[in-house]
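Worksheet for the structure shown next.
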Amino acid sequence: MAKRDYYEVLGVAKNASDDEIKKAYRKLAMKHHPDRNPGNKDAEGHFKEVKEAYEMLSDSQKRAAYDQYGHAGVDPNMGGAGAQGFGGFADAFGDIFGDIFGQAAGGAARGGGGRAGPQVYRGADLRYSMEITLEQAAHGYDTQIRVPSWVSCEVCHGSGAKPGTKPETCPTCSGSGSVRMSQGFFSIQQTCPKCHGTGTYIPDPCGHCHGAGKVKETKTLEVKIPAGIDDGMRIRSAGNGEPGINGGPSGDLYVEIHIKQHSVFERDGDDLHCQMPIPFTTAALGGEIEVPTLAGRASFTVPEGTQSGKTFRLRGKGIKGLRSSIAGDLYVHVQVETPVKLTEPQRDLLKQFEKALVEGGSRHSPQSKSWFDRVKSFFD
């Protein structure tokens, strides 16, 4: 039987906000929760369906994969999310059921309701923020980063037990990780107070990790920064997050890239912009000027009579996009610079030049003539 659309299951629109999805889930979870419908297989089936839909849509990465590829993007048979089954819903939804049923419900979910053996948990993902230069972003490079993280204990190999021993099945919950308790007319499951939901306990803890199965360590990792990466993008390093629990897979490391402000260029996608001052003589007479680019120097011709603020486009002098062989453009915004701190001879030359312009009429300054024509009525 084909799976229903996750948005349809929760009764929300595809553009629903996180809060709308959460509210819809809480309402349906309350309605179909097994503790409210003992022995009702239909309610249990609806609850599993609602739980699975919320698990996918409450996680931004899983939701993006589902929006793009549908169920195939999150199919557990293809290594996607959702493979934990009914017993593991508390890991994703403990906050929800903590609100609905109180702290006891989170433990009941963690215990898994009749499963045999301890629950397996995937390790947490890690985030690492990294600042690079515009040049590094444009060309790409390989680097190393040092990331503080929990790693599996090398003495007990992550079991938490002293070498030569092993964790034992919890006698209080018989390995289920939960115990059933009654609160008023509710009969709910609660996290086992002895094993804290793992289903096992360690009679002889490892002396190195003190039973945790993991130790804090700083890892040195190789990171490849791809050419064309932009500010805010993330690089995924699979399996370099925190170790899993009870043999679960490790999480992933996400390296978030931030690009430092450049002293010359401003980036706009694959294009670059720069402000360039030019002498007023070059603007008036025209000429060839050189500009910097990320690949060296380039030159272009400024036509005579160039005005301040004029923009020139140099094709292909920007940045090649991520996984693209086509580079953006460089936009040079020229600013005509007025000379300062003139000597007397220089001032005299400019006065003579100004006199010659006046004698030549307004054709030398068309913008000034147009402006004065528009405002002359204010001076009448």
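Placed from the backbone N, Cα and C atoms, the Cβ positions cover glycine too.
According to Swiss-Prot:
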{"type": "DOMAIN", "residues": "5-70", "note": "domain 'J'"}
{"type": "ZN_FING", "residues": "140-218", "note": "zinc finger"}
{"type": "REPEAT", "residues": "153-160", "note": "repeat 'CXXCXGXG motif'"}
{"type": "BINDING", "residues": "Cys153, Cys156, Cys206, Cys209", "note": "Zn(2+) 1 binding site"}
{"type": "REPEAT", "residues": "170-177", "note": "repeat 'CXXCXGXG motif'"}
{"type": "BINDING", "residues": "Cys170, Cys173, Cys192, Cys195", "note": "Zn(2+) 2 binding site"}
{"type": "REPEAT", "residues": "192-199", "note": "repeat 'CXXCXGXG motif'"}
{"type": "REPEAT", "residues": "206-213", "note": "repeat 'CXXCXGXG motif'"}
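On the structure: features taken from Swiss-Prot.
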residue : record                : Cβ neighbours (10 Å)
Cys153  : Zn(2+) 1 binding site : 22
Cys156  : Zn(2+) 1 binding site : 25
Cys170  : Zn(2+) 2 binding site : 22
Cys173  : Zn(2+) 2 binding site : 25
Cys192  : Zn(2+) 2 binding site : 24
Cys195  : Zn(2+) 2 binding site : 24
Cys206  : Zn(2+) 1 binding site : 22
Cys209  : Zn(2+) 1 binding site : 22
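The average pLDDT computed over the repeat 'CXXCXGXG motif' (192-199) stands at 79.
For the repeat 'CXXCXGXG motif' (153-160), same-chain residues at least 6 beyond its ends with a Cβ under 8 Å from one of its own Cβ atoms are 166-167, 202, 205-209, 211-215, 243, 247.
Two recorded stretches are said to be in contact when at least 3 C-beta pairs lie under 8 angstroms, sequence spacing 6 or more; the repeat 'CXXCXGXG motif' (192-199) and the repeat 'CXXCXGXG motif' (206-213) fall short of this definition. Nearest neighbour of Cys153 (Zn(2+) 1 binding site) by Cα distance, taken over the binding-site residues Cys170, Cys173, Cys192, Cys195: Cys195. In this structure, the CA atom of Cys195 (Zn(2+) 2 binding site) is 16 Å away from the CA atom of Cys206 (Zn(2+) 1 binding site). For Cys209 (Zn(2+) 1 binding site) paired with Cys170 (Zn(2+) 2 binding site), the C-alpha to C-alpha distance reads 20 Å. Taken through DSSP, the repeat 'CXXCXGXG motif' (192-199) splits into 0 helix, 0 strand, 8 coil.
Considering only the binding-site residues Cys170, Cys173, Cys192, the residue whose Cα is spatially closest to the Cα of Cys156 (Zn(2+) 1 binding site) is Cys170.
The helix, strand and coil residue counts that DSSP assigns across the repeat 'CXXCXGXG motif' (153-160) are 0 helix, 0 strand, 8 coil. Cys206 (Zn(2+) 1 binding site) sits 22 Å from Cys192 (Zn(2+) 2 binding site), taking the C-alpha atoms as the reference points. The Zn(2+) 1 site, placed at the center of the C-beta atoms of Cys153, Cys156, Cys206, Cys209, has further neighbours from the same chain whose C-beta lies within 8 angstroms: Glu154, Val155, His157, Gly158, Ser159, Gly160, Ala161, Pro205, Gly207, His208, His210, Gly211, Ala212, Gly213, Lys214, Val215.
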